[in-house]
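For reference, TrEMBL has these:
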type: ACT_SITE; residues: Lys46; note: active site, proton acceptor
type: ACT_SITE; residues: Tyr270; note: active site, proton acceptor
type: BINDING; residues: Arg151, Met323; note: substrate binding site
type: DOMAIN; residues: 249-378; note: domain 'Alanine racemase C-terminal'
type: MOD_RES; residues: Lys46; note: N6-(pyridoxal phosphate)lysine
Amino acid sequence: MRTAGGFDVSRQEAGAILSIDLKALVDNWRTLQAVCGAAECGAVVKADAYGIGMEPVVQALDAAGCKTYFVAHVFEGRRLRALSRDAVIYVLNGLLPGTAPSYAQHGLRPVLGSAPEIEEWLQFTALSGARTPDGGDALPAALQIDTGMNRLGLKEVDFDAAECLTQHVNVALVLSHFSWTGHGDDDRARNQIEIFERLRARWFDVPASMANSAGVFLERGPLYDLVRPGYALYGGNPTPGRPNPMRSVVRLEARIHQIHQVAPGERVGYEGAWTAKSPRRLATISAGYADGVPHAAMGSNARAGGEALVSGRRCPFVGHVSMDLIVIDISEVANAQRGDMVELIGPTITIDELAARAGTIGYEILTHLGRRFYRRYTRL
Ligand SMILES: *Cc1c(COP(=O)(O)O)cnc(C)c1O
């Protein structure tokens, strides 16, 4: 596979190489499944599998035995269906007006989260007499319950109205979502679990799902019947502040274009945001914010930014991150040369670390990974 996004680039031409370790991805899924015990471990593959590539990811997870997937949009569900005939596919964002026929045609399950959505789904299923492809019950759907995030889902006040509607829906799953992402905010998570317990009692015999990546690692947190990790599958740390139990999946390397020496007082990049205090040796590398390295990872004299790994040594970004280039200080590296690769993301400089240095979250780093890379998928 060369690149996503319609660019056709050879390995030699590429400014940067994105390597994706599908073996590590599958190991991560197996680790999560082992942690979950009796609960089923699904996979969240929305947003092109967090920027990693839906096709290779789903092929690898399917082969490993993953059966249930979550996407955000119905068109993502269609794309997934083309890859896996038997997968159970939930569409988390729910039902947009007029999209019910697409769900039926492709065997997708909407996650319904409001009375109007439920009404539209019921009208469609009643009018079309829609059944599952094997002639079974009315098409299955999930219900989302809002336990405090105020984003999607039925609230307690909607319940009485919704309950009579949902009596006619084939509810295959009841789910809710944690609004916390694992920063030791366990009390709030427990509060959400309490609310979920109370509200899901109305569907006590329906399978339930609550945990995202961080939720899987919540101490004594209930995992219910199905868990929905995304970030941890792709190597993100689901236990911030503690060692990452997941394997690194993504490696991003960029090539050195040019090496040069600067004298004390010389400035680097747009607005001269970094000034050399002593003679330094700098390398200009071939990746920038257009490739997903955040502009906010810039390094000034006042504030350290991102780092690159060159021959095993960490080298700081100096000055602004440009659209296509970053300048790094390689003074401590003896033998770097034009054309060499430096590592921007990998097992040492993790997505979580780069994100922290840029004041963002690893999810944004992953989903913003650029399309100009030569992409290399390490198969199983
Ligand atoms: C994105 C998403 C997930 C996955 O969350 P991670 O933190 O990436 O594991 C699970 N459930 C819902 C509703 C989501 O939107």
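Using the three backbone atoms N, Cα and C, a Cβ is placed for every residue, glycine included.
What TrEMBL says about a protein is an automatic prediction, not a curated fact.
Per DSSP, the domain 'Alanine racemase C-terminal' (249-378) is made up of 22 helix, 48 strand, 60 coil. The number of other CB atoms found within 10 A of the CB of Arg151 (substrate binding site), across every protein chain shown, is 10. It is 36 Å from the Cα atom of Tyr270 (active site, proton acceptor) to that of Lys46 (active site, proton acceptor). When secondary structure is read from DSSP and collapsed to three states, Lys46 (active site, proton acceptor) falls in the helix class. For Lys46 (active site, proton acceptor), the count of additional Cβ atoms within 10 Å of its Cβ stands at 20 [all protein chains shown]. Sequence-distant contacts of Met323 (substrate binding site), defined by Cβ-Cβ distance under 8 angstroms and a gap of at least six in the same chain, are Gly288, Tyr289, Ala290. All protein chains included, Tyr270 (active site, proton acceptor) registers 12 other Cβ atoms within 10 Å of its own Cβ. Note: the CA-CA distance between Arg151 (substrate binding site) and Lys46 (active site, proton acceptor) rounds to 17 Å.
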